[in-house]
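Novice: Just dropping this structure here.
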Amino acid sequence: MQLNSTEIAELIKNRIEQFNVVSEARNEGTIVSVTDGIIRINGLADVMQGEMIELPGSRFAIALNLDRDSVGAVVMGPYADLAEGQKVKGTGRILEVPVGRGLLGRVVNTLGEPIDGKGPIENDGFSPVEVIAPGVIDRKSVDEPVQTGIKSIDAMIPIGRGQRELIIGDRQIGKSAIALDAIINQKNTGIKSIYVAIGQKASTVANVVRSLEEHGALSNTIVVVASASEAAALQYLAPYAGCSMGEYFRDRGEDALIVYDDLSKQAVAYRQISLLLRRPPGREAYPGDVFYLHSRLLERAARVNEAYVEKFTNGEVKGKTGSLTALPIIETQAGDVSAFVPTNVISITDGQIFLQSDLFNSGIRPAVNAGISVSRVGGAAQTKIIKKLGGGIRLALAQYAELAAFAQFASDLDDATRAQLEHGQRVTELMKQKQYSPLSIAETAVSLFAAEKGFLNDVAINKVVDFEEALHAYMSNEQAALMATINEKGDYNKDIEASLKTALENFKSTQTW
């Protein structure tokens, strides 16, 4: 069959009409240098601060320096095979991480990818790692407690839901142990937990995960890991990623607790990135915005009011407040709390738990220094019975610390001073607590009642710990109803005082101490 010229022209015209040109505009640039995880890119226009840049091999970098002719970006992951001249693409997206209940019980990296070998994670969507903190109008005052199960903290340095309480001290002194005990104590309280491990050894993180699993708290916890072997960018971003995962619960009218272990290592990672980006160094070679690094993170831990939750959930959740409580950890060098990063974080947070190495070495664990530890907002949230009975504990310890120094020089002490010294020694012994053995409100109250009402006065100092263990066992067996009432209501009145007094008198009559 032969076609004439008219038919050929018609066919060509039809083909041209049907031809669909898909134009794709790409924002592309070229790598001009690669230095220790920092890449400099030319030709990349219209890039946002913090934008994800797609690299060869399904990797991403984050734009941090936006200069007139080039972009400085930090690579999130391995960078050894990146080379000058390779093409990169702008994505127009800010870094997001998966959020939702599916993350509970899982161990993930900074990007929210599972690293525990338990398969993919079902998420409820994605959330940007950098989010503006709730405003003043959206917040509610802190008035509900977070029970850590550690009697020295619950009695003297109470923590409320939505508070930021710093844990500060030298290395290997029990900072992480306090945070872990607090997480383990939340397994039946409805508070979800997030543990962010920054710059730690993989073996240390494995031990943490194992401990949480053994004590039944892993199913209620998200573990975010940026280990010491990972890129500085991932260590810098890990706390923000963990915070976004915690905000998922806060914004839906639930309560969450997040532990940053530790922010000193995050500051070091950020210092490394900043120096490689040639930003001007300041005090201790940290960049000028290292305060903002931590303030914008810790301000996201807050108690939000009912209106905020209702607006966020489009009316699905009504009459509920949400909270995100933060326990940031800072490591000091030889007890120097006046260094740059420690002073910054102390000024940002609502109080600090200061751990001292000489207390730790003398067997007082947790090694909390009651004199300079403080909770600025937690007092309003403290359980009534703990508040009433714990008031004299801090005073007894303060007086003991003052008198102990004086007693070293004076041999003949009057009876009142000697009684005060011995009471202080017994209270110090009473504040000791083993790791992974959090106490209920009632158990803490019973211990404080024994100290406050003089039931320890005739107990030998080296028997105080045994006395307390036996007392708790007796109360849970013989006074189960009273303990349940205290745990449920947390009230303190004359009836409860009389019941506790009778119970302790009966207990002390069973054996001599």
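Glycine is treated like the rest: Cβ placed from N, Cα and C.
For reference, Swiss-Prot lists these features for the protein:
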- Gly169, Asp170, Arg171, Gln172, Ile173, Gly174, Lys175, Ser176: ATP binding site (BINDING)
- Ser373: site 'Required for activity' (SITE)
Novice: Does DSSP put Asp170 (ATP binding site) in a helix, in a strand, or in coil?
Specialist: coil
Novice: Taking each of the recorded positions Gln172, Ser176, Ser373 in turn and counting other Cβ atoms within 10 Å of its Cβ, which one has the fewest?
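Specialist: Result for the recorded positions Gln172, Ser176, Ser373: minimum number of other Cβ atoms within 10 Å at Gln172.
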Novice: Residues other than Gly169, Asp170, Arg171, Gln172, Ile173, Gly174, Lys175, Ser176 within 8 Å, Cβ to Cβ centroid, of the ATP site?
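Specialist: Once Gly169, Asp170, Arg171, Gln172, Ile173, Gly174, Lys175, Ser176 are set aside, the remaining close residues are Glu331, Leu355, Ser357, Phe360.
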Novice: Go through Gly169, Gly174, our binding-site residues, and report the one whose Cβ sees the most other Cβ atoms within 10 Å.
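Specialist: When each Cβ's neighbours within 10 Å are tallied, Gly169 leads.
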Novice: Round to the nearest Å and give the CA-to-CA distance linking Arg171 (ATP binding site) with Ser373 (site 'Required for activity').
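Specialist: That comes out at 18 Å between the alpha carbons.
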Novice: For Lys175 (ATP binding site), list the number of other Cβ atoms lying within 10 Å of its Cβ atom.
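Specialist: The answer is 26.
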Novice: Give the distance between the Cα atoms of Ile173 (ATP binding site) and Ser373 (site 'Required for activity'), rounded to the nearest whole Å.
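Specialist: Counting only the Cα atoms, the answer is 15 Å.
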Novice: If you measure Gln172 (ATP binding site) to Ser373 (site 'Required for activity') at Cα, how many Å is it?
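Specialist: Ser373 (site 'Required for activity') has its Cα 19 Å from the Cα of Gln172 (ATP binding site).
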Novice: Within 10 angstroms of the C-beta of Asp170 (ATP binding site), what count of other C-beta atoms is obtained when all protein chains are considered?
Specialist: 17
Novice: For a quick check of packing: other C-beta atoms within 10 Å of the C-beta of Arg171 (ATP binding site), how many?
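Specialist: Its Cβ shell of radius 10 Å holds 11 other Cβ atoms.
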Novice: Please report the number of other Cβ atoms within 10 Å of the Cβ of Ile173 (ATP binding site).
Specialist: 23
Novice: Three-state secondary structure of Ser373 (site 'Required for activity') from DSSP?
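Specialist: Going by the DSSP assignment, Ser373 (site 'Required for activity') belongs to neither helix nor strand, so it counts as coil.
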